[in-house]
Amino acid sequence: MGNGVQPLDPVAIQIGSISVKWYGVIIASAVVIALLLALSEANKRKMDKEIIVDLLIWAIPISIISARIYYVIFEWDFYKNNLGEIVKIWHGGIAIYGALIGAVLTAIIFSRIKKISFWQLADVVAPSLIIAQAIGRWGNFMNQEAHGAETTRSFLESLHLPDFIINQMYIDGAYYQPTFLYESLWNVLGFIVLLIIRRTKIRRGELFLGYVIWYSFGRFFIEGMRTDSLMWGDFRVSQVLSLLLIVLSIGIIIYRRMKMNPPYYMEDKFGKVVKKK
């Protein structure tokens, strides 16, 4: 590559003709970490851990499929003439919001089958979701995707970024905004916020809704910086959906507090979750 800048090798392991890319390794790591965290959260809420494992078994493949369908719908001008590409997910093209929609629908159906509270289940997995997204964005980093507009090396250096990040943002002769990093850091901060607010008097389901609000708020602004947004006419799909999710989540919180009076949770000083009315 010109300018003496070399990107990181996207292949983690190469065995003959078989290659394992860092993207897959990072996503798999995110899933494992999310599972371990969710199991810990389930234990705090005295929920059967097998419920979390069973949910994950269903949610992972369904989320991948829904993430792909979401992407294909908004890139239909390409896929309608290349139908064979629809199933070639390894060529890229999945969307986090599509995955989230699939995961939520799976959890709703799963909770009804298991006869447990969807909101309780959602609260258990909320911290796992946001930390998994924070980790997963580094897969985009390794693939040199999900970046922002063109910028300069001096600007990136002014952010005090390590050289390996700056060099990885050098793509086809130009430097780009590391929007993957902005979103990853936003999600890490969101994870910390969730850990803090669950020590306050919040109602069942509000930890999950807080996650949705936090992620959507950050995604709205970060999406405006990206160059690969899915579009709906003149609008960025993720920005529209972010606004809708923020309004919907706030509306659900207000409605449930006024009409349903759900129980609230707090953590004690030992990190155990206690339920009160």
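Each residue, glycine too, has its Cβ placed from N, Cα and C.
As recorded in Swiss-Prot:
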type: TRANSMEM; residues: 18-38; note: transmembrane segment
type: TRANSMEM; residues: 51-71; note: transmembrane segment
type: TRANSMEM; residues: 89-109; note: transmembrane segment
type: TRANSMEM; residues: 116-136; note: transmembrane segment
type: TRANSMEM; residues: 177-197; note: transmembrane segment
type: TRANSMEM; residues: 205-225; note: transmembrane segment
type: TRANSMEM; residues: 235-255; note: transmembrane segment
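Take the transmembrane segment (18-38) and the stretches 51-71, 89-109, 116-136, 177-197, 205-225: counting Cβ pairs under 8 Å, 116-136 has the most. Beyond its flanks by at least six residues, the transmembrane segment (116-136) meets 26-27, 29-31, 33-35, 37-38, 41-42, 45, 47, 51-52, 55, 96, 100, 103-104, 107-108, 110, 183-185, 187-188, 190-191, 194-195, 204-208, 210-211, 214-215, 262, 265 of its own chain at Cβ-Cβ distances under 8 Å. Sequence-distant contacts of the transmembrane segment (205-225) (same chain, six or more residues past either end, CB-CB distance under 8 Å): 118-120, 122-123, 125-127, 129-130, 133, 148-149, 177, 179, 182-183, 186-187, 190, 193-194, 197-198, 236, 238-239, 241-243, 245-246, 249-250, 252-253, 256, 262, 265.
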